[in-house]
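> Sharing the features that Swiss-Prot gives for it:
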BINDING   10, 11, 12, 13, 14, 15, 16, 17  ATP binding site
BINDING   12, 13, 14, 15, 16, 17  substrate binding site
REGION    35-38  region 'Interaction with substrate tRNA'
SITE      101  site 'Interaction with substrate tRNA'
SITE      123  site 'Interaction with substrate tRNA'
REGION    159-163  region 'Interaction with substrate tRNA'
REGION    240-245  region 'Interaction with substrate tRNA'
């Protein structure tokens, strides 16, 4: 049991946080957040961060560790998460990694590829091409060269589009080839519990309801407070988080309220689609339909079975 790490993964709005808090009442878990949005301070409503009450009942590591103007990489996440896993196990507890940033899960479990360093000449060429042809054109080019990577990133995520094309031009190999290649893996046994709603319409409705709830709770005001406190720019990594970019554009006068709402919901649904694409191909994952009544009971039973078998062996 010393090397056992549980991972609760799933698309946005699938019920991960509530289930994680429930699991802490049954097992000696300590939660590590696997969410590239929740790392940011002052970004609470739009990231669906656990409430103060939930965090009191179930503290989460790797929440509120960066300012919105800072960046945080998959490599930094791996360093932090592996250090926390070692500390948790040393205390006699079990790490429970919870979130939907699948790139972080992938890097942690499969190891990080040694990618080529940034090349200013290639980046300048790509930026010039983007100016003349548009980022949509470059995204379509990436879709042809590396459809696996293109399916995992947003069509407006210019930073990741540029990096994926840069890797291809520098090496002749796709980014997805690097990520799936043989790397040094951490010495842990990962149990992957995946929330995978079978009906996309159910998840889409939950996403719309949650986005409307965020707006009612003061999402727009949260973004205004960020602008007042920090030199917020739309190209910051923190502003790639769904909802924030759309509200920034609304506040800048580019969208009216209803257009912002529609685009925010659409962007969140696209995020869920990419997360489900990752999960669909996740080898060895145990899948649970979170729209089914009693799915949490099934997960609790499975965890208990795994722990009992680990102790007996």
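Placement of Cβ uses the backbone N, Cα and C atoms for every residue, glycine included.
Context for these features, please: burial, neighbours, distances.
Long-range neighbours of residue 10 (ATP binding site) (same chain, six or more residues apart, CB within less than 8 Å of its CB): 16, 100, 194, 195, 196, 275, 279, 290.
When secondary structure is read from DSSP and collapsed to three states, residue 16 (ATP binding site) falls in the helix class. Around the Cβ of residue 16 (ATP binding site), 23 further Cβ atoms fall within 10 Å across all displayed protein chains.
Across the range of the region 'Interaction with substrate tRNA' (35-38), the DSSP-based residue counts are 0 helix, 0 strand, 4 coil.
Taking the Cβ of residue 101 (site 'Interaction with substrate tRNA') as centre and 10 Å as the limit, one finds 20 other Cβ atoms among all the protein chains shown.
Secondary structure at residue 123 (site 'Interaction with substrate tRNA'), taken from DSSP and collapsed to helix, strand or coil, is helix. Neighbour density for residue 123 (site 'Interaction with substrate tRNA'): within 10 A of its CB lie 15 other CB atoms from the protein chains shown.
Only residues 6 or more beyond the boundaries of the region 'Interaction with substrate tRNA' (159-163), in the same chain, are considered here, and those with a CB under 8 A from a CB of the stretch are 123, 126-127, 130, 135, 138-139, 142, 153, 175, 235, 237, 240.
Cβ atoms under 8 Å from those of the region 'Interaction with substrate tRNA' (240-245) belong to residues 12, 36-37, 40, 43, 46-47, 154, 156-157, 159, 211, 214, 219, 223, 234, 264, 267-268, 271 of the same chain, restricted to positions at least 6 beyond its ends.
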> Which residues, in sequence order, are found in the same chain with Cβ within 8 Å of the centroid defined by the Cβ atoms of 12, 13, 14, 15, 16, 17 at the substrate site, excluding those residues themselves?
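Result: 10, 11, 18, 48, 100, 195, 290.
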> Near the Cβ of residue 13 (ATP binding site), how many other Cβ atoms are there if near means within 10 Å?
24
> From the centroid of the CB atoms of 10, 11, 12, 13, 14, 15, 16, 17, the recorded ATP site, which same-chain residues not already listed sit within 8 A by their CB, in sequence order?
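Everything else in range on the chain: 100, 195, 290.
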> Is it possible to list how many residues within the region 'Interaction with substrate tRNA' (240-245) are helical, extended or coil according to DSSP?
3 helix, 0 strand, 3 coil
